[in-house]
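Single-structure report; data block below.
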Amino acid sequence: MDDKEDLYRMLGLQDLRWRASQQDIKKAYRQCVLKYHPDKLNQQEASKESGDQSLEEALSNAMAVLSDPQKRRAYDSKDMQADIDDSVPADKKPKDDEDFFKTWGPVLDRNARWSLKPLPSLGDAKTPIETVLEVYEAWFNFESWRDFTNDIEEAFDLDEASCREERRWMERQNKKQAEKLKKDETRRINMIIETCHKWDPRIQKYKEDLKNAKKASKQAKYADQRKAEEEAKKRAEEEAAAKKKAEEEEAERRKIEKEAKDAAKKSLKRARKALRDAAETAGLDGIASVKVQEACEASDKEEAGDSLLAQLKQKKEGSKERKWSREEMDLLHKALIRYPAGTSERWTKIAQSIGTRSDAECQRKCHELKNNFSANAAGMSVDADPAAESDWSVEQQRALEAAMAEFKSSTLEAKEKWKAIAEKVPGKSDKDCIRRVKEIKAMLANKGSA
């Protein structure tokens, strides 16, 4: 290529070439026009330039090409004096980090000239990974301005077209060939960037770090999930164990309650039988035994039992004794039968049989039951005189019972018999005794019908 073919050299821009700005080109052109104006050339130089093309025409042609962006791109794309290197390094692993930067750094620098936008350099091993990622982001979006119009091997000369239609057809054919070359250039740039990215030690380390972080995160997540599952399993086992224990305790409680109820029923059955037998016993102890039987039977009904206990509490004013239980009442009844009146140290033995009461408490309870028996009997008589209920004391009741037993087989007339009985009961007349006996009979009759 002579000086007239090297447009940059004609304008004195051979060192800048494609890096020269439009301002540089205009300035260089003005300087050359002034320098090579015919008026300033001597006769020998003027005759030398008087060939097929004068120097002035060559400068005008250079200015026309380099000042037109499209024509300049086509010229720069084929500028053989610009040391254009379109080679792609081999796709192989570099020896070390230094070898990588030494090989690929210059490749990116010489291809950056074709980009529409300024591109960053490759950097070095100390470049932060954030910057490295930005470098590759820019290069993967590479847009080339390179024009391959002058590289078409069999381009049609538009000046040879015979008509407008033929010229347009030639333009389309030339454009197709140029586009094919453009696609080849795009593939070449992509291959350079992808291969460089593949062997970049910084990217490899970044990917390895991401892989390790992802693996660690996965392991931590798995560990947390496993821990949560173990905790859930443990809670489920504890809940199941607690539920099972509660069910076992409930079953045991029901079993104990059932056994207690069965035992109570058996005990009540035996006590009722004993009470029925004792109800036939005569004398003072017989009256107490009957009252014990009445209390035991009333205990089968909660309201009747509560009523009886309330009556006993009201009758014994000022008493601080604790309430007698059903078991204690049963034991008292049995002890009264086992130790009848006249037994030596009777109340001491009765208290020992019960085990939870003193002899004085047992004696008071027996007297209390006798009094309640008399009060209930009097209350059940419709003909009873209300004033008479409180007239009969324990001593008078005992005297009446003793007199009735004494004159049971007497041959006296009824009137004389009742007078004799009344004489045995202090403070009572024969009419009082008759009325009292009727009350007791009525009470026993009502009790039997109930």
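Numbering starts at 1 and runs along the chain as displayed.
From the backbone N, Cα and C atoms, a Cβ is placed for every residue, glycine too.
Those TrEMBL annotations? Automatic predictions, nothing curated.
Per TrEMBL, these features apply:
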DOMAIN    6-79  domain 'J'
REGION    40-96  region 'Disordered'
COMPBIAS  40-51  compositional bias 'Basic and acidic residues'
COMPBIAS  69-81  compositional bias 'Basic and acidic residues'
REGION    214-276  region 'Disordered'
COMPBIAS  221-265  compositional bias 'Basic and acidic residues'
REGION    296-325  region 'Disordered'
COMPBIAS  314-325  compositional bias 'Basic and acidic residues'
DOMAIN    316-374  domain 'HTH myb-type'
DOMAIN    316-365  domain 'Myb-like'
DOMAIN    384-441  domain 'Myb-like'
Long-range Cβ neighbours of the compositional bias 'Basic and acidic residues' (221-265) (under 8 Å; 6 or more residues past either end): 326
Segment confidence, the domain 'Myb-like' (316-365), expressed as mean pLDDT: 81
Residues in the region 'Disordered' (214-276) grouped by DSSP into helix, strand and remaining coil: 63 helix, 0 strand, 0 coil
